[in-house]
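Notes for the one structure printed next.
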Amino acid sequence: MESTLKEMRDGASVLDMDPKSTVGGGVEDVYGEDRATEDILVTPWTFSVASGYTLLRDPHHNKGLSFTEKERDAHYLRGLLPPAIVSQALQEKKVMHNLRKYQVPLQRYMAMMDLQERNERLFYKLLIDNVEELLPVVYTPTVGEACQKYGSILRRPQGLYISLKEKGKILEVLKNWPKKSIQVIVVTDGERILGLGDLGCQGMGIPVGKLALYTALGGIRPSVCLPVTIDVGTNNEQLLKDEFYIGLRQRRATGQEYSELLHEFMCAVKQNYGEKVLIQFEDFANHNAFELLAKYGTTHLVFNDDIQGTASVVLAGVVAALKLVGGTLAEQTFLFLGAGEAGTGIAELIALEMSKQTKAPLEETRKKIWLVDSKGLIVSSRKESLQHFKKHWAHEHEPVKTLLDAVKAIKPTMLIGSSGVGQTFTKEVVEAMASFNERPVIFALSNPTSQSECTAEEAYSWTKGRAIFASGSPFDPVECNGKVFVPGQSNNAYIFPGFGLGLVISGAIRVHDDMLLASSEALAGQVAEENFEKGLIYPPFSNIRKISAEIAANVAAKAYDLGLATRLPRPANLVKYAESCMYSPVYRSYR
């Protein structure tokens with residue numbers, strides 16, 4: 001991947017840096033809140049000590065009915081709360097009881113967003129303790145519907161909206177955000193939200209959801225997270241006509257106007273928050289995603305979850321699947337449906353890992369990987385008409401128009417879908433995979449569930465239970481031939497929270513491909529024998545914080561090895577250090 005980006009940067013690498021540009025940034029826990037245990041008293045500072053009605057309306061410090069008698073006296077809460085005092089555990093039980101009453105997923109999403117705005121610690125406690133149940137609510141697939149209806153359900157704005165109206169004053173806009181120390185920014189321009197297309201300004205649901213997972217799964221403090229939407233208009237005619245649409249009512253700005261706005265934003269972020277703030281690009285269209293990653297990869301700490309995060313989590317699944325399939329990575333043949341940022345990103349990282357294992361040149365390992373786009377198999381005769389990021393995958397072969405014909409011609413051992421188009425892995429395609437593979441590996445990665453290339457039930461039933469299956473969105477367990485199969489979810493949430501934590505705890509200043517490989521290796525190493533017995537190639541999400549700590553430690557270690565870490569000296573035990581840095585949502589006691 002770095003090699004592809006280097007070509008776009010005219011040969012520059014993330015390791016080719018001016019040392020003078022690697023100074024600054026870093027976020028301190030000034031008031032010691034995250035270092036405090038439940039037994040240590042902290043002061044609920046805002047601009048002054050929060051008390052009374054203000055304290056109850058401050059989501060960062062509000063504990064609802066969990067305020068003790070002593071705290072109610074000290075902070076002027078007498079009469080503002082009913083007399084009962086309840087534990088955080090009982091509050092959690094009550095909220096989960098109420099959430100489960102909702103039949104409509106969007107209602108659960110809205111209830112969770114309301115809780116986040118009312119009581120931040122309870123929101124994260126709920127999400128951490130019930131991650132497998134609530135992950136589909138706060139993120140895919142429900143967040144897709146939330147973005148489509150964001151204009152109608154918006155109650156209180158979360159994050160920063162930077163539109164063309166703010167051109168020339170983005171630095172001032174960043175200073176409007178109440179938190180002055182930021183470690184992680186997730187930014188979108190809303191042009192390619194999941195598999196749903198251009199949702200413009202309403203794409204804000206994605207940065208908000210991603211950062212909730214950064215905190216819940218990776219332990220990054222919520223106060224140092226900033227969701228951002230860059231609004232340059234939308235080409236979605238339905239939204240432009242929608243009276244409830246919250247964004248600019250104009251066609252998308254492109255070319256120089258777009259580039260100048262993004263460049264001003266990137267410069268302002270670095271000026272305001274320093275060198276070590278992580279900027280995660282999210283759901284940008286292909287042409288912009290690759291250009292932004294290439295342009296800013298050597299000057300900023302940037303990460304694209306669609307290109308790099310997806311690649312890392314799929315590579316981890318592929319490595320784990322080898323324990324069920326047998327053989328080495330270099331002995332596999334891959335066929336992708338979809339040659340956008342996700343497909344080409346995954347392909348490049350697999351080729352890099354293959355090259356690392358075999359010491360073969362990257363150009364050779366790429367030949368084990370084939371891609372199909374909307375025009376058919378990508379072959380050398382099409383090279384002149386291909387976009388730059390597809391050219392590496394144009395191998396010698398006669399033209400092939402359909403996926404089914406490509407499967408029959410290439411005979412892949414692993415079929416990976418990142419097309420954004422549902423039901424493209426037809427019965428014929430899956431049966432063809434099963435005809436020449438004892439254990440065909442099938443990844444249907446497109447989100448949300450409606451866009452998945454095939455369902456778990458289809459994959460298992462069409463292969464008579466022989467498929468090793470993973471999907472981007474969650475599917476329920478499937479019974480086939482008297483055996484219950486638990487489909488794995490190849491969810492980026494396995495990777496990016498721990499990856500981001502690793503960058504933060506090491507004070508990394510750039511992202512390098514070796515860090516992505518390190519995160520994949522750490523995730524694959526967390527799959528236990530009992531998981532393999534159920535056909536799972538990913539560990540259960542219930543262990544996600546432990547998994548994130550392992551990934552963070554691996555990523556941080558690689559940052560130190562590459563000389564890209566600034567937090568010195570290097571901790572002796574990076575796993576324990578990562579765990580010690582994680583945010584805890586347990587209520588604090590106030591003096």
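A Cβ is built for glycine as well, from the same backbone N, Cα and C atoms used for every other residue.
Per TrEMBL, the features are as follows:
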type     : residues               : note
DOMAIN   : 116-297                : domain 'Malic enzyme N-terminal'
ACT_SITE : Tyr139                 : active site, proton donor
BINDING  : Arg192, Asn447, Asn491 : (S)-malate binding site
ACT_SITE : Lys210                 : active site, proton acceptor
BINDING  : Glu282, Asp283, Asp306 : divalent metal cation binding site
DOMAIN   : 307-560                : domain 'Malic enzyme NAD-binding'
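Shown on the structure are the features that TrEMBL records.
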| residue | record | contacts (Cβ under 8 Å, 6+ apart) |
| --- | --- | --- |
| Tyr139 | active site, proton donor | Gly209, Lys210, Ala212, Leu213, Ala493 |
| Arg192 | (S)-malate binding site | Asp198, Asp283, Phe284, Ala285, Asn286, Asp306 |
| Glu282 | divalent metal cation binding site | Val186, Val187, Thr188, Ile206, Pro207, Lys210, Asn304, Asp305, Asp306 |
| Asn447 | (S)-malate binding site | Thr140, Pro141, Gly144, Leu194, Gly195, Gly472, Ser473 |
| Asn491 | (S)-malate binding site | Leu135, Thr140, Val313, Gly472, Tyr538, Phe541 |
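Between the binding-site residues Asp283, Asp306, the minimum number of other C-beta atoms within 10 Å of a residue's C-beta occurs at Asp306.
Across the domain 'Malic enzyme N-terminal' (116-297), mean pLDDT in this model comes to 95.
The Cβ of Lys210 (active site, proton acceptor) has 27 other Cβ atoms within 10 Å, all protein chains considered.
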